[in-house]
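What TrEMBL says about this one:
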REGION    92-112  region 'Disordered'
COMPBIAS  92-101  compositional bias 'Basic and acidic residues'
COMPBIAS  102-111  compositional bias 'Basic residues'
REGION    289-394  region 'Disordered'
COMPBIAS  293-303  compositional bias 'Acidic residues'
COMPBIAS  332-349  compositional bias 'Basic and acidic residues'
COMPBIAS  350-359  compositional bias 'Low complexity'
COMPBIAS  360-374  compositional bias 'Polar residues'
Amino acid sequence: MAAARRLKRVAISQPGFLTLNPKVTPTDLVSSRRKRVNKNKKKNWNKYSDVQDVEEFLEDVRHQERTTGGLLCEKSDDSLFFLDVGQPKKVEEKEAAEPVKGKKRKGKSSRPLRIDLILQHDSLVAPPKDVLAYQKPNAKKLRRTAERAEKLAANGVVPRSKKRLLNRTVVDRMSKKTETEANNNPERDFYDIWGQETKDLGEPWYLQQTRKKLVKRPEKLNEKPSVLPAVEVIAPGGSYNPDFFSHQELLREAHEVELKKKKVEDKLERQLAYNKADTATEETILREQVEGLVEESEEEEEKDAPKEDGEEVAVGAIAVADKKTERQRKREKAEKMKEQQRLTERRQTEQQQQLFQLRSIKTSIKQQEETTQIRQKRRKAKEEAQKAQPRRLGKLKFQPQDMEVQLSDELAGSLRQLKPEGSVLMDRFKSLQKRNLIEPRERAKFKRRLKVKYVEKRAFKEIS
């Protein structure tokens, strides 16, 4: 068998061999040695698989769809074939058509250009359907809403939006519409154009829907964060030429502020202070190092002796405890019941005695109410005082500005000799913090990331 296949291969390879298909050459018929390929790997599928026949079939199908609009096997015979009955007779026009003004002459000029024919779409394949053009956003949700509305309408339930429309006041369409009054009409009503309330010139519903009516402002926004004025008037002693007593009063207030600061500093120093007698010396250090190294056997024996005696006593006490007899249990139960009965009778007696103490009870209740009222007034006064104090708006606590005070020898007799004190910008900044408009802040600290490197230049070295 192998010898016959070898002879056939030799005969085909001869130069005078003819094939039935003129497109096929004799060399194509010579089967070369088949290459052994592992088809388990996916990368070898396209490389060593012959799909030429499949591609030709698909190209033929696409060609039929472009030219005929579908496959020929699916077409009817009437669309593919027609009956040839010969050339139709031409009707000879006896009267030549006269040229009409305004019409273009038919002929070569009316034919489409070649470039237009090339660019014309000649494929019979239908364009792809635009799915997005037929889709509706939230179609499923809208369909469910419509079905729910139909069910409610069948049960006689009216939706909320329709209820609002039905509850609206009916406007008489036949009545004369309100016209805008002329500015020169002497009989029109007068109102303050700079006032807080504006004049309503239409129906409230219409003004609300057309956004011409302002939204009601919450009452919380009308409250000021602090009752303090924007600009606080300084005390009379802060004038450039103050009265003696008012200036002394201002000095006394500044003195109290400084005393408070000094008191806080002293308290901090006392907390950080330490007793010098407790400082470590060489003797105390040596004693701490040697402690626990010396064995004191005698003291340990004396300490262990009383512990052993105590253990024996405890064991003996546990062993002495005996089980109670039936008579003892009955006696304890009877005593317990008598104690409960005595407590019940005592409680009833106290309740009866309270009937005779109504006057004292009323007096105590009245005292409690008075105490409660006093506490409420005190709490309300504290809340009112807190309104004038700065609140804690951030992590930092408000620090009041230092008082601007001049001593008696620093006072000037005129404005020309007056020395300025403080800063207007800092005063306004502290005022905003005090009135709870901004949170207390401190200056941002600049932290250098890289160290400054000093380099001695060559020119400086030459001079030195």
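Backbone N, Cα and C atoms are what each Cβ position is placed from, and that goes for glycine too.
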Beyond the flanks of the compositional bias 'Polar residues' (360-374) by at least 6 residues, Cβ under 8 Å: 354
Helix-strand-coil residue split for the compositional bias 'Polar residues' (360-374), DSSP-based: 15 helix, 0 strand, 0 coil
DSSP residue counts for the compositional bias 'Low complexity' (350-359), split into helix, strand and coil: 10 helix, 0 strand, 0 coil
Helix, strand and coil residues within the compositional bias 'Basic and acidic residues' (332-349) as assigned by DSSP: 18 helix, 0 strand, 0 coil
